Structure formats: C-alpha cells, structure tokens
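K.L.:
Please see the structure below; I have some questions.
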Amino acid sequence: MEQEKLQHLFGKISDGTATDEEMALYLRYCASAEQEGERMLLPPGTKGVEERMLEAIHQRTGRGKPRRMRWYWYAAAAMLTGLIALAVYLKPARHAARPALATAVQQDLPAGSDKAVLTLANGKRITLGTADDEALARQAGLRVYRSDSGEIVYEATGAGSGFHEIATPRGGQYRVVLQDGSKVWLNAASSLRYPATFTGSTRTVQLKGEAYFEIAGNARQPFIVQTPSQQVEVLGTHFNVNAYEDNTHTQTTLLEGRVKVSAGGNGLILRPGEQARLTHQGALSKAPADANAAIAWKNGYFIFNETYLTEVLQQLSRWYDVEADLKTIPTMRYNGVIPRNVPLSKALEMLEFTGGVKFSVNNNKISIRH
C-alpha cells in the first residue's frame, strides 16, 4: 500500500472517523504484509491506534474489551466488517497460498444458542430457553429468568432434596446459578449434575463436557468438581474444565484463586494462569495457560492458539451441531479468532481464506475437499 494512502487511513482511524470498510482495508494490508514477510508501514504518530480500534469494537458491538494478546487488536477490529475482514486475521501457523473462498455449502447451519434440559430429582424434564420455561420452573419450585446481560439463569429458590441435572445439546449453552450462589457456564454438549441444596461437608457436582466455574467462597465446605477421569477441589475461585470424551486430554485452567486437581492417586496445585492436563493414559501435568483462549467460548468467541485443525473442527461441530469427517485432516495449526454468532458457512470461509484447505457441508457433515 502506498505510504500516502496508508497515512490517510491512519489519520481517519486516529481521529475516529474511519468507516468499517476503511478499517477492513487496513486490516487486509496488515495481513498481506505479514504473510509476505514484509515489514508493515507504520506512519509517524501511530501510537495508540490499536487502543482506539479496540474502543471502536467495544462501542459498536457492546462487548467488553478483551484482555490484550498478540495479534488480537486487529483481529477484534475485523469483527466490525463482516466476512472479508474477519477472514484476514485467522491464519495458519505455517504459511500457505491463499485459495479463493470456495466453501461448498449444500446446507447452512445457524450458530448455537441458549438452550438446555433440566431433569429434576423426581425425573421430570423441563426444557429451558423456551417461551414458557419460567412457568414450568415455578411449578417445580425453581426460578428461571433472564439477567440484565440477556443470559438465561437457573436458580434453586428453596430447600430441596435430591439431585438435579442440566444438560446442553450440541448447539446449545447455558448459565446456571447454584443454590450456594456459585455460577456455572455450560458449553455445548455438556451436563452438570448437582444437589438442589448443598448439605454435608462438601459441595460436590459431576461434570461431563466443558464448563466455566465461578465458585462462591466457603472455607468450611469445599467445592468439588468430578469428571469421569479427575477431581478438582476448590474453596472459592474461577476456573474452566474441558472434559469432552473425544478430546485427547482433560484440561483444567485456573483464572483466579487456587485449586487442587487429582487423578489416579496423583495430585497437583494450580495457581492463576496455569493449566492441568490429564491424558487418557492417566498422566497428569501442568503448564502455563492461555486463559483467554480457555474461556473464549463463554465470552462468545472461538480463540485458536497453535490449535490443530482437528480440534478446530471438533469445536465447530459441537457448536453448530454438525458432524466433522476427521479421517483425512491435514496436520495444520491455526491462530485466530472467530465470533460464535456467525453461521457455519462464514466460519468455514474464514478458515478457507487462510489457505491449505477447502470445505464442503452436506448431509449435516463437514468434509475436507481435495
């Protein structure tokens, strides 16, 4: 891009008058320069431009400003401009020639939404997220309402007995406020089993799939999350557990507080910014974590950080309730961000834009086209 045109774009971005199309033009320049190994032209006086672009995102989308991370400022800005700009910042970890956007979509699928099924101790099933879910929940001695931010919340309102279970389908998510005030966000294809009222010396719940927890503090009654392969014990903290059965390992990521992760007689303590990984063979380890990526789903995004294409497609298949043919997936890693509210065709086109693969969607299945 010519220096004069670039300076003009930066001037408009700096004073807040740039249109979405002008932001997209600059983002395409950034992506092109990076992919070709060129040094990006940065006109003088550009300090603070990325902060202004993030502020524009905050104002136009109504989303909170994300924590800073590499490449994210122009990734977020692309969310303003639709497919072309969105695709710019999603790039593979290794360079590849960019093909034309050519996703063969025989059927498009919408993004997931807030929906779940609540099973009470007496076996009664309540479909949450429907127009009459409040009336059904009241009859069961429960309260279901929408929070100020538009999320659907489930609360137990009285002293109950027995266990409840809330389960999200593929293409669903849900937020749960437990009787003790602890908050749980369930990702797609997940379930949480918990007592209507916490009694005894511990607060124990069982998780399948993925959930983010914000636990109400109670030193005399530790909170325990059990998955099929491990146990997480906390007093009061924020953490994410990813325990899908088709994953190669279970991940527990700590954002605040302190937790103990135990499995097969082994245990370790996590501190904020650390992640425990448990393999199917029972090996338990910990390492520094990308907390933003771990809870991106809760905040309305997919964030990929050196993520294999197989895992990318697994995440998409759960959210869009579609199968993915993983038999002939090339070994590629991706870095980038995709909003979870775009339809499947747009998400796949963003992946295609980066090069190396083309997709088709037919009979509710994503396939790689050769």
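Quick reminder: no glycine exception, Cβ is built from N, Cα and C everywhere.
Annotations in TrEMBL come from automatic prediction, not curation.
Take a look at what TrEMBL says about it:
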- 71-90: transmembrane segment (TRANSMEM)
- 165-260: domain 'FecR protein' (DOMAIN)
- 301-368: domain 'Protein FecR C-terminal' (DOMAIN)
K.L.:
Give me the DSSP three-state residue breakdown of the domain 'Protein FecR C-terminal' (301-368), ordered helix, strand, coil.
P.N.:
22 helix, 26 strand, 20 coil
K.L.:
Quick check on the domain 'FecR protein' (165-260): DSSP residue counts for helix, strand, coil, in that order please.
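P.N.:
The breakdown for the domain 'FecR protein' (165-260) reads 0 helix, 54 strand, 42 coil.
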K.L.:
Within the domain 'Protein FecR C-terminal' (301-368) only, compute the mean pLDDT.
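P.N.:
So the average pLDDT across the domain 'Protein FecR C-terminal' (301-368) works out to 88.
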